[in-house]
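Trainee: One structure follows; several queries about it will come next.
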């Protein structure tokens, strides 16, 4: 049955008010008025509360309040004091009458709002029980229980799929075939975490309750489903109406401080099993088999994660685990390419020439700045040229092509895996009408006519107001992006100014070249600035999105996702793009250099190019980010919980209930999972966009992700309150973002090989300029490459606007060399680009075109050849749908036959009764 698609404020006001007007009998403290309503009206009835009958809440006196009960001393209990009703949710507030700072007016308003809210919860069928804190008598814990009728009603409203009968079709086969013995070692022991029984499922309907597989009412709705239903109700019950604008929802009450927290309960302690024999101890099992360091080599128990935390958390860990598995292949190939470069660095001819005392030791290089820089010998870059041979090799080209194919394989196979999870987790036909956010509904003051229904509905702002908000939000985002670009320019200016000071510094030149020292310090400063701007912009992006006021939570998350990713993309990658594609590309030549801001001479690359500097930048940012994030994720919640335990040390000897133990854990926050995705997508960008310069990036990502999975698992199971389970079919907006990165990665890696590395100039020299007509060698060789790629400049041609020749007193050098392809002095076209330069440019452009078209063709073929849903999964879905429909139809026929039989028996009995007197 479809959910009514109308604005909730309008729907709330149109429901009949006669349902809840009656007095409440004393013998029935917990009302369940929804049990007699059609499920299609339940959402409308959510808006009908006792306070809406009388206007403002101040005029209402007859609040229905939960009964207070003392803690019964059972610390592991998940039930009310009667031991029968399960606790589905917990609300926590601070008793206003016992607050130290007692502001009567404010406290009274908060108390009445809370009383109105709790009264309306009772009116909607929920059962409440209040208990004071054992450690702090100011705190009150309100335990919420949803009875059977409420669960059935809202399960139908929310289209929750529930079991019809056991399913014997889902026989999961191993992808490793004969390697079952190996996968068994990596898998979780099935005797510890038993596989979930599979069922045919269908959206629940109360009028077909007999069709569903109800063995036990207490276990038909599992705890995660119960919590999700209760949260659905808590998020939509009103507590105040002002000027025909409703205020409702537990999130708003928590944000305003009326409640301090609202959360479902963990089922037990994570280190010990519960004393209650009926407790499934799922938290304990997750910690032991998933979050504990000794389980780091095991597969994740995804079905149990999904059962305990919901599909949204489950799909994140499934994606992260699959991404990590695919990184294993990329890491192996990357390490192989790295080892190829490392083992062949001694055969690097051009590096030998740089280090040779009779070649590199006699080549005098031109100063790289105008005043304080000396002439220098080429062989001082010997060590950096050896390191560059490791990364700037033929293996780099092979790895770049491989990664272009790998990222496509990853995305396509993940779609297939995602389709399998949709089938296994019953989200194939996820029907969930997402309601408007309470923040959106609170602003709905403008009345318009819906073009489709021709009925009045409320919206938060007019078309003009919406355009104004979009313009302001876009301007704010653009301002922050420009601020990041300004910080990048600041780093460039730092590079130029520090490079001047480091030149001629003997202690530094003994260990590092000025270029390398400048690069390392600039990368560290860039990383620090990135983290600072990242922290600030997170808050700014949330403020901008809140001002934008998206209607649903999905719209909110998608809007925030695009803003945050756009900012993070510029923040993390801008310095890498500068080094890869701009540094050393527009420097002019010694006699006519190019200046930044009219003052700073543009910086140059090492004679071997900027590839090594790009590698250094990636290593520092990627490695530093991974270390910082993991330390922050582990230490911050642990320290906060440690501080909380320190403050509660006076009451540590008391037995505390399950709800109080969970309250003192850290809240995850609405966007907790968002930041986990963002962290991984930024890493995915580093692994794919610049992998041609750093083949070890997949290995670093692999090690980080293995730790990341267990760190995230440890946080969820030990340091944070239990999250409200949520449904999800896929990873949302992150999928198209990854596809965009995959397309861009082909271009960036092709351009890194063409313009940042020295591979193309070396190939051009080897095949064209080492032999006649341009070269003097009789066979193809790399000998003489360095001399061929360094142009000659006359020292007397140096010019300075105010000082003449600034290098006239720096020795008897008449010429110096610089990195470029230009004609020598005395040539008719002196200092103009020579024929070698144009051959190299043509080769670079041809390489980019060929590589892009080749990889894009392979990507297109792979995408076409690999369907998003496997044939086996499609057959399973169709087979289950067929059997489910057949089962429902058979059950319906059985009911009809049974009813017809009863009617026939009654008719026969009536006829017999009518005929018997006559025969007598």
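Each residue, glycine too, has its Cβ placed from N, Cα and C.
This is the feature table in TrEMBL:
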- 79-302: domain 'Anoctamin dimerisation' (DOMAIN)
- 305-880: domain 'Anoctamin transmembrane' (DOMAIN)
- 316-343: transmembrane segment (TRANSMEM)
- 394-414: transmembrane segment (TRANSMEM)
- 470-496: transmembrane segment (TRANSMEM)
- 516-537: transmembrane segment (TRANSMEM)
- 564-582: transmembrane segment (TRANSMEM)
- 680-703: transmembrane segment (TRANSMEM)
- 737-757: transmembrane segment (TRANSMEM)
- 835-856: transmembrane segment (TRANSMEM)
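What does the local environment look like for each feature on the list?
Mentor: Long-range Cβ contacts of the transmembrane segment (316-343) within its own chain (Cβ-Cβ under 8 Å, at least 6 residues beyond either end) map to 299-300, 302, 305, 389-396, 398-399, 402-403, 406, 409-410, 413-414, 417-418, 421, 673, 676-677, 680, 684, 687, 691, 695-699, 701-702, 705-706, 708-709, 712-713, 731.
The list of residues near the transmembrane segment (470-496) in space but at least 6 beyond its ends in sequence, with Cβ under 8 angstroms from a Cβ of it, reads 518-519, 522, 525-526, 529, 533, 537, 540-541, 544-545, 547-548, 563, 566-567, 570-571, 574-575, 578, 596-597, 600-603.
Residues 477, 480-481, 484-485, 488, 491-492, 523, 526, 530, 533-534, 537-538, 541, 610, 613-614, 617-618, 621, 625, 674, 678, 681-682, 685-686, 689-690, 693, 737, 748, 751-752, 755-756 of the same chain, all 6+ positions outside the transmembrane segment (564-582), place their C-beta atoms under 8 angstroms from a C-beta of that stretch.
Counting same-chain residues at least six beyond the ends of the transmembrane segment (737-757), those with a Cβ under 8 angstroms from any Cβ of the stretch are 392, 396-397, 400, 403-404, 407-408, 411, 561, 565, 579-581, 585, 609-611, 614, 681, 684-685, 688-693, 844-845, 847-848, 851-852, 855-856, 859.
Within its own chain, the transmembrane segment (835-856) has Cβ neighbours under 8 Å at 400-401, 404-405, 746-747, 750-751, 753-755, 760-761, 763-765, 768-769, 774, 788, 820-822, counting only residues six or more beyond its boundaries.
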Trainee: Average the per-residue pLDDT over the domain 'Anoctamin dimerisation' (79-302) and send me the rounded value.
Mentor: 84
